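As given in TrEMBL:
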type	residues	note
REGION	A:1-20	region 'Disordered'
TRANSMEM	A:29-54	transmembrane segment
DOMAIN	A:51-146	domain 'CopC'
TRANSMEM	A:180-203	transmembrane segment
TRANSMEM	A:223-246	transmembrane segment
TRANSMEM	A:266-285	transmembrane segment
TRANSMEM	A:292-311	transmembrane segment
TRANSMEM	A:331-352	transmembrane segment
DOMAIN	A:366-465	domain 'Copper resistance protein D'
TRANSMEM	A:373-394	transmembrane segment
TRANSMEM	A:414-431	transmembrane segment
TRANSMEM	A:452-474	transmembrane segment
COMPBIAS	A:619-640	compositional bias 'Basic and acidic residues'
REGION	A:619-642	region 'Disordered'
TRANSMEM	A:648-672	transmembrane segment
Amino acid sequence: MREGGPVGRRSHRDASKPTRATGAIRTSLVLVVVALSILALASVATPIAAHAYLSESDPANAEQVDELPDAVTLSFSGDGVQVADVTVTDPDGEVISGDAAVDPDDARVVSVPLEDADDVEGMYAVDWEVLADDGHTTSGSFFFSVGDEPLDRDAVLESYEDDEGPDEELSMLAVGSKGLVLVALVGLVGGPITAAVAVYPVVRRLDSPARPTRVVDRRLTRVLAGASVLLFASALGLGLARAASIGPLSIETLGLFLETPLGRTWLVQLAAAIALCGVLAAAVLGALSRRTWLAATAFGATVVAVTVGWTSHSATAVDRLQGGAVDVAHVGGAGLWVGGLVVLALVAVPALRATDREERTAAAAATVRRYSLLALSGVTLAGATGFVLAAWHVPSASALADTLYGRSLSAKTLLVLLALGLGGLTRFVLLRRLESPTGSIVTFARTVRLEVVVLVVVLLLSGLLTSAPTAAVVGGDDGPSTAAIEREGDDVAVTLLAIPAEVRSTAEGDDRFLLQAEEPIVFEVAFSNDPGGSDAVEATAVRDGDLLDSDRTVRVLADAVNGDATIEFELEETDDGTYATVQSLPDDGPWALRVTASPDGQFVSEWFDATVVPSGDYDHGDHAVEDVDHHDDHDHDDHQVGATDSPFVIGLQFGAIAVAVVGSVAVVLEAFRFGRRG
Amino acid sequence: MSDPVKRRRFVQGVSGGLAIAVAGCLGGNGEGNGNGNDEHDDHGSDDGDHDHGETGDGEGSEGFAYAFAPDAVAIVDPDEGEVVDVLTDGIDGRDWGDTQITHDYAQIFAIDDSLNQVLVIDTDSREIVSEVDIGPGATHIYHPNDDEIWAHADDEGTFYVIDTDSHDVAETVDAGLEGEGHGKLLYHEDFGSTGYATNVNDPAVHVIDLEAYERSDSIELGDEGGTHYKAYSPQNGLAYFEYGDVTAVVDTDANEIVDELDFSGGMYLTPDEERMGVLDGDEIRVLDVTDDDNEEIGSISIDGGPDALRYYEADGTLYGFTANTMTPEAVVVDLDELEEVTRLDAGDIVRPDDAHHLHRSGVSGGGYFFTPADADGTVAVIDMTERELVEQVEVGDGVDTVQYVGDSGTGYTGRTR
């Protein structure tokens, strides 16, 4: 590398003696790495405590009670409910519920009184919708029954169809506003730091008549001021969108929203955004020293980041402090990377263009080297915390494709990888060219701008990601799944269907049902005289086929292989020609299900195997069948939802650790290399 | 239908009293199956792995008694008064109903009500060789011909006909009129291919075509009530059916009612087929069944709730052995003098508070009388010749069924049916 310009000469002169700035960078980066590692490891080591969805109710889902209770109580996991709307409908279709109330002593508990109805026997539907602490509206439904009549199959199926979990339909205003909040925020978080660490130390050394330092001041204050205005506007839009989820937007609704902790947090957010606008307006006018507005901007942005983290999925669904801290760290990491990149693209490059060519390329290279250290730290921080967040909110690999949250995360991840590729290109290819005698800033500038565009899209996707219910809540369940296993006799094929259920294959290749304990399951049996068909008979095929009538009662005997229960239940003939009933299995573990009947007068008895997972674990779809079967002494009473992480989640946790460790090593190496260059 | 023994099963018990009340039987069927065990009041729960072949030693079982407890089947040597082998694999929490040994004593078919199955035990290898799925609520089991076992599923009022070779359910026979009800089967070689079925829900005796596997006719006894105990006397060709408080007497040639006795209960034909004891509460009424008069010879009053009457002739005297339900005793009576001879310790049975009727099985064979005591977990082995207790053999809690391997005098003609 030719030592041509002032920057190069200064670097050469001080090669054996690091500058004060370089030492500070190194020290700060080491601290960032240490903090990152501790954060990542602590986050991974702590299991999640809950998810933000209905955890239990009284009466419970599908519970049969003797008499209509005075009230229905819903208990939510997470840190609380802001506003709740609960409707209870009796078997006659009449709404019998009063106004729902959030327990003042425990915001996770909502109760709704029931009118003194006639205690009609039958199924009661409970439809609920709540505005959670994270500002997201979730909804769902369940049912219970009064009296001892067996649950009606069609009613249960209808209930499952209706119970699609949290609503994935989002307010575009909320999504867009949240995305813009994040765009503005990362700029305000990373901009001042990048300017202080990577831009000003370089341009201050330039001896150019263009006075690049002033150019940087002017452009940076304007960019940050624009970001602060964007932050205020988008935060305002986000709050209004959340208020609108309570009811039609009005002064009254807004007042109601402001009475909630979420509304009060919004006020803090707006106040911080306004303060930022004021500070940066003053900076644009030159009324504040550079040090002052840089520090004030970083501080104000941090305050807003804390409010965002405080109302994040993680804070409400995992732990207010831990979840919020990880979320803030994630935003901070993104700020170092993306915010710094924005400063490079919109501030540093135009400023350097005002210098002569020799100085320009050398200064650009020096800026990139300094920024790379920050960016690497930011990527490590954002990557490690991103893995932690994914481990909390995405329970299985299938959820990546099955849920809006998962799809958004997948798209975001792909774009991040693209941006990382561009960043690598800048660091390892373009930087070398910049430092060559024929180096040009043009390609470098274009690449940086492209990377900025990609990352802005990433941030907008993050707006969607943080607005959608997490995959852990949605569970990737679009409705009840039907599972069917066929057993072929000499003349009659017996097909047992279970809803909701899945069919899993054991290591030996045998099919068995995967069911959830204590959940109402529709068992349906079909008989046909067409043995030899597909091993996996679909429900539709069964219903479309020629089915045989049974001359005697169709029964299912369910036997808990390692448990303490044997249940026998009778099935009723349906209009489809099948035989069905609704039954829940009380204990988790392996079960044997036997169907007996006499289709066409011929007695048949067929056994089916099933694995029943603890209540609440069904959505964690990566349960290994063998794992459950081998836990003979499994005590489901002690089982906590999520206590048993799926292999996918464990992989994500290891990913977080790996990124933290590898990233930390890379940062240290980069810092060491940077220090040697002086 | 026949389930090769391979599954791990768990059985949940239900209260003992319930089964007793449903069965409503106070004594053995006097006709039948060699176990003298027509109703069962044991229940338990546990699971087990049916991995057989480890317990059997292939030494055969002739002259031994199989004692069935929820968690084990013990093979008892009555001569020594001790357990010589125990089957435990796959036997956990079973809820035994009747057992039935085949004509060649090669297999024991045992009803397990916990999983609605009939377990098949090979008496030579002493192994459970098959589990046969049947309908629910089975209690009684019969062996009307060499090739078939008939088990009655009370919840369906249906006989499940099991092939003794393949262990498959070959046929089902709907006997009850209402598709349910506790039922029994009366069969004798004099009937040819005909059998008679009782059902506690039907005021009739059903004529069963054993070859066509169908109910061919019903002999109406009234408008309500049901039929239960049954017996047959080859000497007069009459069949006896408990119908409420009376006993209907049916001519098996014409399938017509020819008489009615004004008492009822479990009926037990003596080995010489000339007398029949009827357990009418605490009284044993002894009838002369050599002709159509059905003259009552006399009666013996036994304090303590007698059940399961078995006979044995010694020193020119016909003795009766019965197990008491209300006292921990077996009682020996002289059928010639119509008097009680002695009482022997037999262990105690479980008496659930909600039980309306108590039952205690009794089995004879090889000169011994066996009666299980489920509360004590023992089986009393009584020497019928000496009329003294040999041993109260420890088997296991809940033991309530015994099957002798050999000529048990069942039906009191020396045959298995």
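Cβ atoms here come from the backbone N, Cα and C positions, even for glycine.
A TrEMBL annotation is a machine prediction, not a hand-curated record.
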CB contact flag for the transmembrane segment (A:223-246) and the transmembrane segment (A:292-311), at least three pairs under 8 A: yes
Summary of DSSP states over the domain 'CopC' (A:51-146), given as helix, strand and coil counts: 0 helix, 53 strand, 43 coil
Outside the transmembrane segment (A:373-394), six or more residues from its ends: residues with CB under 8 Å to it: 25, 29, 32-33, 36, 39-40, 43-44, 48, 190, 193-194, 197-198, 313-314, 317-318, 323, 326-327, 329-330, 332-338, 340-341, 400, 405-406, 409, 420, 423, 470-472, 645, 648-649, 652-653, 655-657, 659-660, 662-664, 666-667, 670-671, 674
Secondary structure content, the domain 'Copper resistance protein D' (A:366-465) (per DSSP, counts of residues): 88 helix, 0 strand, 12 coil
Local confidence of the prediction over the domain 'Copper resistance protein D' (A:366-465), expressed as mean pLDDT: 84
